[in-house]
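Features of the protein shown, as given by TrEMBL:
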DOMAIN    6-40  domain 'DUF4234'
DOMAIN    54-104  domain 'DUF4234'
TRANSMEM  7-28  transmembrane segment
TRANSMEM  48-70  transmembrane segment
TRANSMEM  91-112  transmembrane segment
Amino acid sequence: MKVTKRNFVVSILLSLVTCGIYSLYWMVMLNDEIHNIYESMYPEDLGTTRVSGALLLVFTFITCGIYSFYWYYKMGTLCNKISKNSSNFDLIFLILAIFQLPIVNMCIMQNIENNFFDEYEF
């Protein structure tokens, strides 16, 4: 399983400098890596529907961004299971996406991924 520890401050700066293009790449990487982490923790759920990073971008562009609300909600449910605490990331991510703060969502996801990376030392 390939998981990359990223500094989310650098990712934010790269997103700003590239006018959002890096944030699309970051979104795809977070999608694939968080799904990989989830599948390694819960192998019995391998039959669940998984959208690849490329399809995520296609669905987001086709629906003019509406699919991203659903995606943030679904990533929140995965982050709840990965972080093993009683947080409601699904609702937090959905509310932040509605208020046009997806960069905060991605920072939280990256933090959860980095904590997993530190805990299991990949």
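Keep in mind that glycine also has a Cβ here, set from the backbone N, Cα and C atoms.
Summarised by DSSP class, the composition of the domain 'DUF4234' (6-40) is 30 helix, 0 strand, 5 coil.
Broken down by DSSP into helix, strand and coil, the domain 'DUF4234' (54-104) contains 40 helix, 0 strand, 11 coil. Mean pLDDT for the domain 'DUF4234' (54-104) in the predicted structure: 91.
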